[in-house]
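**Student:** Supplied in structure tokens, the structure appears directly below.
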Amino acid sequence: MNKVENTVDLKFLKKFSKDVTYNDWNDYKWQISNSIKSLDMLENVLEIKFPDNERKEIQKAIEVFPMSITPYYASLIDISNLKKDPIYKQSVASKKELIMEDFEMEDPLAEDKDSPVIGITHRYPDRVLFYVNPNCAMYCRHCTRKRKVSESESNPSKEEIQKAIDYIKEHPEVRDVLLSGGDPLLLSDDYLDWILSEISSIEHVELIRIGSRVPVVLPQRITDNLVNILKKYHPIWVNTHFNHVVEITDTSVEALDKLSNAGIPIGNQTVLLSGVNDCPYVMRKLNQKLVSSRVRPYYLYQCDLSKGISHFRTSISKGLEIIESLIGHTTGFAVPRYVVDAPGGGGKIPVMPNYVVSWGSDRVILRNYEGVITTYKEPSNYEGCSKNCNKCSRLSIDDFEINQTGIEKLITNVDTSISLVPSNNKRMCRREK
Ligand SMILES: *Cc1c(COP(=O)(O)O)cnc(C)c1O
Ligand code: SF4
């Protein structure tokens, strides 16, 4: 008996059709075409009956943002504890999605404003986000890109994809291309192969990353054929999206193993979600289990200000509490970096508990995770460097170009800036007059 037969009950399988087999179950195409999209099917599979008024509201929510749950992901729902179940909360539409708050936005991270061509968000100096597909195997109810994801009109045509690739070609500063969506791994093998070959043939592109929730919601998609395509384009990294320890099943670990064994480093991005994983101990277990599955926790995201997801938001202090209970308490690389993606488009901002307690002229006072307070005495004869980066002999590396921006510019002294001032600062405008 293979692993899958152990993990899913035949009775559950038969809910989808009478003559379904384990072979069907293991086929990702079967999973996709049998995904739960309607309330009727949902009620049948979960063995519940929503009251009429709730039914109407859930139906409304589905019309705003479609529901699609793979049979595999649905099989992880604990039917005996539905409304508290982390899988249920992430996948089943809720009337709470209809609540709109004033400060919520369609595009809180201004991904569209930072988009020079359709499909590309160019926010950081050396890397771009490239939306190759708006569809997902499972539509996460907490998705920050609800405005885009699932909409067939945001399905980029081959010409648009080509134009986006041309943009990358024309921008030699882009050394890192991050395929996103939607889910890039839902594209057909051949189409993905073509996109990857186009990008990897660009000389200045040093690495390709793929953001995908497939290992979590549709692990069957990680086929040998897919992995053989991916590994032609090394260095290729995959970032996935596990939010709770119950998502790490034998089947998903099998998919992760295939990727790892093909030499693909895997990272994980978790979203901090109220009622799902807003607990230091759930988070510790999740990250420990990721590490033992050879997945490196990468980011823990504060939930964005996207429309219809406010019921998933926690306070930032909850995130700090979680990080406090991870650092020092568990494996260093089981600790993700906690970030707030700046509303308005400033990118990811790391937030951390404070470990620096105080400074003296020659010492720094630090505290550790146990509350021990310690003194680091600074060296008395440390000279650092000339800070004249443009003429520094240490940088005799070919093509090394320094382009200092932001706070970095204030710290080094390549130019003479001593302050950063917003462009419409009133005081400065008066000076000009
Ligand atoms: C997150 C993100 C990236 C990648 O950022 P890293 O910190 O390098 O992982 C790139 N572009 C955009 C717009 C992003 O939101
Ligand atoms: S996989 Fe990502 S893009 Fe797709 S619905 Fe989930 S959060 Fe949104």
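In case you wondered, yes, glycine gets a Cβ from its N, Cα and C as well.
In TrEMBL, annotation is done automatically, which means it is predicted and not curated.
Copying in the features that TrEMBL gives for the protein in this structure:
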type	residues	note
BINDING	CYS136, CYS140, CYS143	[4Fe-4S] cluster binding site
DOMAIN	122-334	domain 'Radical SAM core'
MOD_RES	LYS348	N6-(pyridoxal phosphate)lysine
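Describe the structural context of these features.
**Tutor:** In sequence order, PHE65, CYS136, VAL149, SER306, ILE309 are the residues of the chain that are 6 or more apart from CYS143 ([4Fe-4S] cluster binding site) and have a CB within less than 8 Å of its CB.
According to DSSP, LYS348 (N6-(pyridoxal phosphate)lysine) is assigned to a strand segment. LYS348 (N6-(pyridoxal phosphate)lysine): 17 other CB atoms within 10 A of its CB, across all protein chains.
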**Student:** Round to the nearest Å and give the CA-to-CA distance linking CYS140 ([4Fe-4S] cluster binding site) with LYS348 (N6-(pyridoxal phosphate)lysine).
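**Tutor:** Roughly 21 Å, rounded to the nearest whole number.
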**Student:** What count of other C-beta atoms do you get within 10 angstroms of the C-beta of CYS136 ([4Fe-4S] cluster binding site), across all chains shown?
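**Tutor:** Within a 10 Å radius of the Cβ of CYS136 ([4Fe-4S] cluster binding site) lie 24 other Cβ atoms.
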**Student:** Give the three-state DSSP assignment (helix, strand or coil) for CYS140 ([4Fe-4S] cluster binding site).
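**Tutor:** Looking at the DSSP assignment, CYS140 ([4Fe-4S] cluster binding site) belongs to neither helix nor strand, so coil.
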**Student:** Express the predicted model's confidence over the domain 'Radical SAM core' (122-334) as a mean pLDDT, rounded to an integer.
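**Tutor:** The predicted confidence over the domain 'Radical SAM core' (122-334), as a mean pLDDT, is 96.
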**Student:** Excluding CYS136, CYS140, CYS143, which residues of the same chain place their Cβ within 8 Å of the centroid of the Cβ atoms of the recorded [4Fe-4S] cluster site?
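**Tutor:** Going along the sequence, the neighbours come out as MET138, TYR139, ARG141, HIS142, ARG145, LYS146, VAL149, ARG213.
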**Student:** Mind running the recorded positions CYS136, CYS140, CYS143, LYS348 against ligand 2 and keeping the ones whose CB falls under 6 Å of it?
**Tutor:** CYS136, CYS140, CYS143
